[in-house]
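As recorded in TrEMBL, the features of this protein are as follows:
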- 8-99: domain 'Aspartate carbamoyltransferase regulatory subunit N-terminal' (DOMAIN)
- 104-147: domain 'Aspartate carbamoyltransferase regulatory subunit C-terminal' (DOMAIN)
- 110, 115, 140, 143: Zn(2+) binding site (BINDING)
Ligand code: CTP
Ligand code: ZN
């Protein structure tokens, strides 16, 4: 809600705004973006704020950073409704929705200790992604293990 009374977080000059994040998951988005204690980027975030579209949402704004494909794929797995806004000189130069990929490699570690992807073989982890009741789920391509709360495995 951005009107005279409510401005959730200030606009940024250059960088990325990740809007409509599943409420409560902004902290995980910061982790995906590699923002850690002692990071130097100017970052603002809001958790569980009002959203006309979603009821509640989280927002993350990172000044001076344009996010890459691997990071976008990870965000799509945990927050499939997220919108990405790329900002240059205060203007939105691109706006798009994240899209969960069909297959992800080397993003999710299989929790099955007997899975061949956890052996000493040089194998990349590989999961097939699907939507089930608008939740993103994943199945290990090697052992068939099904994961439902992807935020626990990112
Ligand atoms: N934003 C920002 N800095 C800018 C421009 C925009 O932080 N210089 C943020 C806005 O605060 C908002 C998001 O980027 O969180 C998208 O901006 P805008 O498209 O203007 O807002 P809406 O129309 O509400 O977006 P949507 O249609 O995606 O809900
Ligand atoms: Zn497996």
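Backbone N, Cα and C atoms are what each Cβ position is placed from, and that goes for glycine too.
Known features from TrEMBL, placed on the structure.
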residue: 110; record: Zn(2+) binding site; CB count, 10 Å: 21
residue: 115; record: Zn(2+) binding site; CB count, 10 Å: 18
residue: 140; record: Zn(2+) binding site; CB count, 10 Å: 21
residue: 143; record: Zn(2+) binding site; CB count, 10 Å: 14
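Mean model confidence for the domain 'Aspartate carbamoyltransferase regulatory subunit N-terminal' (8-99) is a pLDDT of 94.
Note on the domain 'Aspartate carbamoyltransferase regulatory subunit C-terminal' (104-147): DSSP counts are 3 helix, 17 strand, 24 coil. Taking the centroid of the Cβ atoms of 110, 115, 140, 143 as the Zn(2+) site, the other same-chain residues with Cβ within 8 Å of it are 111, 112, 116, 117, 118, 125, 141, 142, 144, 145. Residue counts of the domain 'Aspartate carbamoyltransferase regulatory subunit N-terminal' (8-99) by helix, strand and coil are 17 helix, 38 strand, 37 coil (DSSP-based).
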